[in-house]
Amino acid sequence: MKSSLDFLNNFIQRDAVKKLESINNYPLIEFLNSVVKLCEPDSVYLITGSDEEKEYIRKKALESKEEIRLQTSGHTIHFDHPLDQARAREDTFILSDTKIPYVNTKPRNEGLSEMLTLLKGSMRGREMYVGFYSLGPRNSPFQILAVQVTDSPYVIHSENILYRIAFEDFSNNTKFLRFVHSKGEPDIKKRRIMIDLANNTVYSVNTTYAGNSVGLKKLALRLTIMKAVEEGWLSEHMAIVGFNGDKGIHYFTASFPSGSGKTSTSMIGNLISDDLAFIREFEGLPKAVNPEIGVFGIIQGINARDDPIIWEVLHKPGEVIFSNVLMTEDGDVYWEGSELPKPERGYNHEGRWDRESGKPASHPNARFTVPLTSFSNLDKNWDNPNGVIIDGIIFGVRDYSTLVPVVEAFSWSHGVITIGASMESARTSAVIGKSDELEFNPMAILDFMPISLSRYLRNYLNFGKRLRKSPKIFGFNYFLKDDNKFLNSKEDKKVWVSWAVKRVEETANAIYTPIGLIPFYEDLKALFKRVLGKEYGKEEYEKQFTIKLRKYLEKTERIIEIYLKFEDIPSEVINELKMQKERIVDYINKYGDSVSPFRLEKD
């Protein structure tokens, strides 16, 4: 270890080597030693938690021009390459010698060889930054440690906002996840993200978009999903929110594909997480924590009327990194959907912009990065090391034609399989590809799946069997249309949530349908009046909650066909789907291709 420390001493800032030596973590020192030799930086800067270090990173982000200071105190803006604006599915690989359905794999030795070649000498002439973080609260049974190595001040600045710095927790050879990133060169053809499950290491090069470069975000999710499946807990792409009911607060997790309502749902309750959740079982109860302490959110469409909490965060002094929005000539920002007057000209990720060009002022996947503590609706348990008990789970999709706004599952297995594992959603701008194309995306997590869905779902089902009280599971859809017009307003989600809370509290009844339990009209009418102060007509209800049996049948058959291709799929998955299909067919024989909720209520 001494020789490795002596080598690092030539690169690391004064006194940091002593700190590194004091925590006595030989694998950590060897890891840093190997990465420095691989990437060949001019110097190395460790972030161990001091205010001085955090300020140093902020200054470096500005000096490097990776960020530009804006007129509001604490606000900066970052621009990514015009072709590096979203998660790069086609350039992201799980290193595996076995092909996995729906997972982009590459043989391990081939992938490592390619990546190490790209990283060799990639930091020459630059400074390397090393951050030491905790996923989940410190001193918690949920805690997972992670190290980020990067040559991008913007990336490490983002990590400092989004994650708990936990250098001292790395003592005595504690295990940790490893993330190595180099912004490399602006050559998208050489952009690569490789996830090495065998060594709990993720490599990323020739990219700066945070979804590809900020390791502890969605890159870490691949590693924690694997860890969760091996250990029997859940690592999920879910918000954690507390909703107040007549009997107190109830915590829900909420899973939505990116850009489909997850952040907006988390803003109507007490916020713990807007994106990720670790869920473990303690004494038969499911408890959850947020691995993060910040928000990396989509900004398009955020306006003062619909999103007052986020709007306040983005306009008050405090630490905010905007990315790929428009910077105006006076140092302010503008984004599409803000409902503010569009500026005459400005600067965005493509360079100079003017209104007459007709081009959008900001990218549809433009983002903001802020600390959780900036939000006025932050829950008091946001950093509770013991987590919060989960009473409900929401699986939401962007479906324009079929799914009702809210439905409750009959049971844990019914909800996991026919709602969560059957999710199909219109693709959004958060991933590269054609928008609005309906795609299979179970639990909104397929992009991050490092293993077979069979293993993942088996763990999910087994987790529920260990619970003495499992959360109720709900399917949400905010995007149902009729004649190409949305059937709901943005604020209606507050009513669907309120009904779910009443179901948890057992203060509302429900109508039995072949696809689950739906609300009675009178209950929703009362909730619309109480929650939103507006009337809710029978015609609205009937359009929203008519069960389109034929379309549900087609969907169920599609999902069955998908899962039958998996050799090792749990029999419970196919059986649950086949039972759903039989129920739907029975209802088609009785009612036809669709059935009004009023008719079901009478029957």
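Every residue number used here counts from 1 along the chain in the order it is shown.
Glycine is treated like the rest: Cβ placed from N, Cα and C.
Every protein chain shown contributes to the tally, and the Cβ of A210 (substrate binding site) ends up with 24 other Cβ atoms within 10 Å. Marked as substrate binding site by Swiss-Prot on the basis of sequence analysis: R87, Y209, A210, G211, S258, N365, A366, R367.
The secondary structure of K218 (Mn(2+) binding site), as reduced to three states from DSSP, is helical. Contacts of K218 (Mn(2+) binding site) defined by a Cβ separation under 8 A and a same-chain sequence distance of 6+ are given as R87, G211, D447, F448, in order along the sequence. Taken from Swiss-Prot, the feature Mn(2+) binding site covers K218, H237, D275.
Per Swiss-Prot, the feature GTP binding site maps to G259, S260, G261, K262, T263, S264, R367, R398. In the three-state DSSP assignment, the secondary structure recorded for K262 (GTP binding site) is helix. The 10 Å shell around the Cβ of K262 (GTP binding site) contains 25 further Cβ atoms across the protein chains shown.
For S260 (GTP binding site), the number of other Cβ atoms no farther than 10 Å from its own Cβ, over all displayed protein chains, is 27. According to Swiss-Prot, the feature active site maps to S260, an assignment based on sequence analysis.
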Cα distance (Å, whole number) from A210 (substrate binding site) to G259 (GTP binding site): 16
G211 (substrate binding site) CB neighbourhood, other CB atoms within 10 A: 24
Close binding-site residues near K262 (GTP binding site), where close means Cα within 10 Å, chosen from Y209, A210, A366, R367: none
For the Mn(2+) site built from K218, H237, D275, further residues of that chain with CB within 8 A of the site's CB center: K217, L221, S258, L276, I445, F448
Rounded inter-Cα distance in Å - N365 (substrate binding site), D275 (Mn(2+) binding site): 16
Substrate site span - longest C-alpha distance across R87, Y209, A210, G211, S258, N365, A366, R367, in Å: 15
Between T263 (GTP binding site) and A366 (substrate binding site): CA-CA distance (Å): 14
